[in-house]
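First comes the structure, then the notes that go with it.
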Amino acid sequence: MAPDRLGPEGTARPNSSGISVIVVGLGIAGLTAAIECHRKGHSVIAFERMKDVEPFGEFGFESPYWLLRQPSKGDSIIIGSNGGRIFGKWGRGEVRNAMQAWRYTPTHADIYDTAGRFMAQSEIPKAADDMYFTLRGRLAKTFYEHAQSLGIDMRMGSKVTEFWEDSNRAGIVVEGERFEADCVICADGIHSKSRSLFTSLNAQPFRSGFSIFRGKADANAIIADPDAKWILDQTENTDQFKVFLGKEICVVIITCGLGRAVVCSAMHRDLNEAEQSWSTHANPDDLLDAIKDWPCRRQIEPIVRKISEDQFIDYPLLTVSPLDTWVSQHGRMILIGDAAHPFFPTSGQGGAQAMEDAAVLAICLELAGKGNIPLALHATEKIRKSRASVLQLNRTYSEGVQLAPALPKSKDSMSVPNVPVMDWIWHHCCQSYAYDEFDKVAEAIQSGSEYIPHNLPEDGT
């Protein structure tokens with residue numbers, strides 16, 4: 001075991017641990033893994049299928065193939081404080097400072113019926129300084145540029161065709177060239193090519209029966225339109241969060257960056273079961289047609305019209321049942337992020353949980369040392385798997401926005417729960433926990449005894 005501990009804030013000299021790591025996929029999970037492993041002194045080489053990163057791309061999903069893809073299609077992502085405090089340590093606060101303009105500021109969500117009548121207000125607890133509501137592509141771009149500044153070897157346009165391991169090493173094959181390291185971190189998203197190597201269970205993503213229209217509107221165009229600019233009212237002080245509830249569709253319009261961007265989403269029944277792509281380009285008219293009978297359509301339509309067709313998608317909500325293991329047979333490869341536990345984008349925790357995986361893994365590698373790589377990977381799984389699985393199975397967080405079966409006749413009869421912000425989720429510091437618990441976890445693994453995590457809710461659900 002490593003004798004000295006860097007602690008959550010500590011950074012080692014580059015390549016000082018003697019541990020070599022391959023990262024496959026450069027989404028939120030992969031970028032965080034590359035950066036955190038570098039911080040803890042591990043040697044990192046990362047591979048990404050896409051060829052380049054658009055300099056001002058504003059869009060992407062937690063799948064790496066979309067985070068770094070074409071510019072401008074886009075919407076938002078919430079990073080809870082459990083994730084924000086991880087990148088808050090990077091670059092002496094430089095990454096945190098770069099994201100400060102995108103802090104999460106709404107204090108409540110205003111809920112309306114299909115006629116546009118105000119029904120209720122759902123309180124959003126005051127966000128900590130390390131919670132962010134930002135554009136997905138901007139977050140990925142910021143992480144990528146920080147990784148570049150650290151000199152991390154990131155090879156774009158590299159399609160991995162094979163994974164392999166034995167008791168001593170693990171590696172990949174990229175276009176016929178063989179690479180090896182002490183371990184391979186598989187962060188290749190919900191459509192992971194590596195997942196089938198870890199489990200005999202059916203690990204393919206399946207459709208949930210729901211889908212979401214998603215897109216980013218042009219804020220400058222909205223300002224110029226008298227019928228649309230209502231959404232920017234009061235955004236000089238706080239962002240706006242508007243929800244319009246119908247029986248078969250729920251429309252959400254949110255501003256972020258104090259009105260710098262306006263994003264629109266609409267959860268609806270998934271009627272396109274034959275389509276199996278990650279996302280489907282859609283026309284804003286598809287959304288407007290779904291609310292054609294709503295009296296408040298005239299309020300929503302001017303904003304939706306500001307979303308160009310090439311920035312508008314219909315995103316099927318895919319899921320994967322919790323896996324039986326994240327670690328490969330020889331203990332030299334591990335799944336993290338969406339490859340291990342995909343979340344619905346409505347959960348508000350997909351990105352943060354991926355970051356927790358990456359940060360804990362880097363620490364476990366540090367504490368186990370080069371001679372105990374399988375122990376490090378199994379310890380990461382022990383610390384992270386139960387926590388991620390509880391969140392993955394929790395319907396409040398896995399589905400997020402629920403379609404309303406029927407609205408009450410008046411706002412007085414409507415009971416709307418506040419947004420659930422649970423201390424055990426957002427106030428958790430995964431890095432401190434990993435340092436505190438590693439010895440107990442390692443002992444349990446080596447002795448074959450049970451490890452009971454306490455990074456879960458008290459009732460375990």
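We count from 1, first residue shown onward.
The backbone N, Cα and C atoms fix where each Cβ goes, glycine too.
As recorded in Swiss-Prot, the features of this protein are as follows:
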type     : residues                      : note
ACT_SITE : Arg214                        : active site
BINDING  : Glu48, Arg136, Asp338, Gly351 : FAD binding site
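DSSP classifies Arg214 (active site) as strand under the three-state reduction.
Over all protein chains present, the Cβ of the residue listed as 'active site' has 27 other Cβ atoms lying within 10 Å. Binding-site extent for FAD: residues Glu48, Arg136, Asp338, Gly351, maximum pairwise Cα distance 18 Å (rounded to the nearest whole number). Comparing the residue listed as 'active site' with Arg136 (FAD binding site), their Cα atoms are 12 Å apart once rounded.
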